[in-house]
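Asker: According to Swiss-Prot:
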BINDING   196, 304  substrate binding site
BINDING   216, 227, 427  divalent metal cation 1 binding site
BINDING   227, 296, 332, 427  divalent metal cation 2 binding site
COMPBIAS  32-44  compositional bias 'Acidic residues'
COMPBIAS  57-72  compositional bias 'Basic residues'
REGION    1-88  region 'Disordered'
């Protein structure tokens, strides 16, 4: 649930796949460590009593049995359904993109104390890399298969079913989703809608060829959240819009680092994005950063970093605070052909329990019961109405609205620019490790 809005705006079943069995495809970047016995030493073996032999029959050379391959299967299916721990049985998940610190922080790459501190974070890194590899495999399949004519519900649930399968947490038993799985509702945001749109039950909206769709989803293992997003467009007329935002996000990632000021990152992002323009139906539009959407810190089980969370602007000015060692950030940028400013619009689907929610006596029994379900299944992780439906909850809207009214649950309505405009988004999660920056969600796709 990547988008974090500026304060002024903030105040305003897993289903089995039918048809043929899943296709198996190789998993990229998986090291092959198996030792397979060569068959070369069987060459030239001769059977006993061959024609023309004059002596005793030659003894047949004993074949050595081939060693069994170690570990689990080395392939993923299409759609992704193989739990990742069976593909990486030793929890040796792929490393993200490693970027050495520069300038005054260049010493961190070789400093022994920093390297020692980094080695202490093995569990932290393993959980993050697990979540990141799930994200990569799920999104890369989604990018290949998302097509015009699909409903937004089909797209969102396809992604969610894959995340649940690869993490091994279907979220149907109490507390299971807190161990791992979906970190927040899958955003499938069309055109002028930039963020926080996920279909509610009964939604029949269909993806069209001329649409620009932002796909934003999160994966977590033990509350270590990987937040990453990409944009899908079928008409090449939007290529420059997507290129502008992807370039701006990569600029933000490049500039981010320990002791870097947030305002400096925002200025660099804005300069990059505004260097692009896009022509649509004969009209040329400058690509504008959406100035009231930001990147953000990520905390354990808290997508926006909790009480002491920080924002990463995508325009110049503003926050003078600095990034610090050990922090986790979602670096995301949004570009628009509209005003470059979003407002709440359309029906709400995203909700999250407030981490330090007030202890308010609830009069509605439906609100009390729903709060218990939310706490035990999502904690402070965001959820949507479809997830409550999936848990068998019904007639819960009155109770949900009561929790929102009492400040116990926050509602996150869709965030939209002016109608007729087009918006794009790209996002990655980065770890500011003591000795190196790791773009944990980086893949060959973006």
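Cβ atoms here come from the backbone N, Cα and C positions, even for glycine.
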Asker: Taking DSSP as the reference, which of helix, strand or coil describes residue 196 (substrate binding site)?
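Answerer: The residue in question, residue 196 (substrate binding site), is coil (DSSP, three-state).
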Asker: Tell me the Cα distance separating residue 227 (divalent metal cation 1 binding site) from residue 304 (substrate binding site), rounded to the nearest angstrom.
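Answerer: Roughly 10 Å, rounded to the nearest whole number.
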Asker: Measure from the CA atom of residue 227 (divalent metal cation 1 binding site) to the CA atom of residue 332 (divalent metal cation 2 binding site) and give the result in Å, rounded to a whole number.
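Answerer: Between the Cα atoms of residue 332 (divalent metal cation 2 binding site) and residue 227 (divalent metal cation 1 binding site), the distance comes to 9 Å.
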Asker: Quick one: among the binding-site residues 196, 296, 304, which has the most Cβ atoms sitting within 10 Å of its own Cβ?
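Answerer: Answer returned by the neighbour count: 196.
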Asker: Taking the Cα atoms as reference points, how far is residue 296 (divalent metal cation 2 binding site) from residue 227 (divalent metal cation 1 binding site) in Å?
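Answerer: Their Cα atoms are separated by 10 Å.
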Asker: Helix, strand or coil by DSSP: which one applies to residue 304 (substrate binding site)?
Answerer: coil
Asker: Near the Cβ of residue 227 (divalent metal cation 1 binding site), how many other Cβ atoms are there if near means within 10 Å?
Answerer: 30
Asker: Report, as a single number, how many Cβ atoms besides its own are within 10 Å of the Cβ of residue 427 (divalent metal cation 1 binding site).
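Answerer: Counting Cβ neighbours of residue 427 (divalent metal cation 1 binding site) within 10 Å gives 26.
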Asker: Write down the Cα-Cα distance for residue 196 (substrate binding site) and residue 216 (divalent metal cation 1 binding site), rounded and given in Å.
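Answerer: Here the two Cα atoms are 9 Å apart.
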Asker: Given residue 427 (divalent metal cation 1 binding site) and residue 196 (substrate binding site), what distance in Å do their CA atoms have, once rounded to a whole number?
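Answerer: Counting only the Cα atoms, the answer is 14 Å.
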